[in-house]
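Here is the structure we will look at, set down as structure tokens.
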């Protein structure tokens, strides 16, 4: 008949929210590993599970880590963290400046300020 049909296939990513949710689940249950060096070379030959008590061989899609992250709530000059003690936070925020997140469960003091200024109002 002279007509033809064309099919085009491509790979698409899942919705961004789904990717974020899956990454968060993996972040909450990571597996600590340590590199084991090969005898003849200095390169790591494989990764060994660090915590044998909770042994669970990580799957290729699991999140693994080599060392624990520093505690940024406390001052630690070794890693360059000044800590969060004494910093201002936003009591009504749900972001990174929120008091719940920034104060690391230590609690916080609230201060109320009143500011008076002339607004050049005309009646």
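Placement of Cβ uses the backbone N, Cα and C atoms for every residue, glycine included.
What Swiss-Prot lists as O-palmitoleoyl serine is 1.
Annotation note: residue 104 (disulfide bond) sits in a coil segment as assigned by DSSP. Its own atom aside, the Cβ of residue 104 (disulfide bond) has 14 Cβ atoms within 10 angstroms in the protein chains shown. Positions annotated as disulfide bond by Swiss-Prot: 89-104.
In the three-state DSSP assignment, the secondary structure recorded for residue 90 (N-linked glycosylation site) is strand. Sequence annotations record features per position, and here Swiss-Prot assigns N-linked glycosylation site to 90.
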List, in sequence order, the same-chain residues at least six positions removed whose CB sits under 8 Å from that of residue 89 (disulfide bond)?
97, 98, 99, 102, 103, 108
Integer Cα-Cα distance in angstrom, residue 104 (disulfide bond) to residue 90 (N-linked glycosylation site):
14
Sequence gap of 6 or more, Cβ distance under 8 Å: name the residues on the same chain that satisfy this around residue 90 (N-linked glycosylation site), in order along the sequence.
97, 98, 99
